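Before any comments, here is the structure.
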Amino acid sequence: MSNGSFVTEFILTGLPHAPALDAPLFGAFLVIYVLTVLGNLLILLVIRVDSHLHTPMYSFLSNLSFIDMWLSTVTVPKMLMTLVSPSGRAISFHSCVAQLYFFHFLGSTECFLYTVMSCDRYLAISYPLRYTRMMSGRACALLAIGTWLSGSLHSAVQTILTFHLPYCGPNRIQHYFCDAPPILKLACADTSANEMVIFVDIGIVASGCFLLIVLSYVSIVCSILRIRTSEGRRRAFQTCASHCIVVLCFFVPCVVIYLRPGSRDVVDGAVAVFYTVLTPLLNPVVYTLRNKEVKKAVLKLRDKVAHSQEE
């Protein structure tokens, strides 16, 4: 960090709300967080123990569940602390750096992973006979590693651009976690160049990934329409529908916060709740309720556990 960084801790203002809502909000977000962790752990467990789910699609889904579990963990516990007591709003400078890094690391990795998952679905539906050879175990591992490395690099750029500036005055972050836009407002220097680079960096990554996803699904729809049986078309559409839902839930909030001119604290806070709290919970719900294979595996695991307890 710069020698001009005099601030040793920041104060998170938290979500804008009436004080009387502290307890209800704490209870609601705590329940959502617990369900998020348990839901994603369940998916990881089911994919691990059921050999029928040892396929590229579910390998990427297990990565997604792992990311969602930790993405929620990076932000929600600190938000809960801001609702419990005023002292819980404080966060040290280095903890803020770490939170911003891991938030963007996991978020950008998820962005790249959605792109890989859409390409995987395109290959599975458009080239079913060659799919197994094209998406071998080695190819899946390389793609997964690539998403994590790309996310790490992207996050490092965001973190360095944000925290190499001097912070010597106000320390109240108008947010419930450390994110680049509200932190840059506190810098004791001109941030226009940093904001522009961050805007372009996120814009290229988000728009590039979203464009590839759209192209993949346009090709998928064309391939599905060529399937002769109605049952085949229905199954193909059903497989892709869940992925489309979570992709939209991820990208739309990101566009609202990072790719629009200006920054409005109340709007940013409300939208951030959607993709840091609700979307990680939505993923396991969507993938279990809309996916027959996962539901069957969950029921099989439940019956196995019940049988072992009877013995």
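We number each residue from 1, going along the chain as drawn.
Using the three backbone atoms N, Cα and C, a Cβ is placed for every residue, glycine included.
Quick look at what TrEMBL lists:
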type     : residues : note
DOMAIN   : 39-287   : domain 'G-protein coupled receptors family 1 profile'
TRANSMEM : 25-47    : transmembrane segment
TRANSMEM : 59-80    : transmembrane segment
TRANSMEM : 100-119  : transmembrane segment
TRANSMEM : 139-157  : transmembrane segment
TRANSMEM : 202-225  : transmembrane segment
TRANSMEM : 237-259  : transmembrane segment
TRANSMEM : 271-289  : transmembrane segment
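Note: the stretches the transmembrane segment (100-119) and the transmembrane segment (25-47) are not in contact (fewer than 3 CB pairs below 8 A, sequence gap of 6 or more). Mean pLDDT across the domain 'G-protein coupled receptors family 1 profile' (39-287) comes to 85 in this model.
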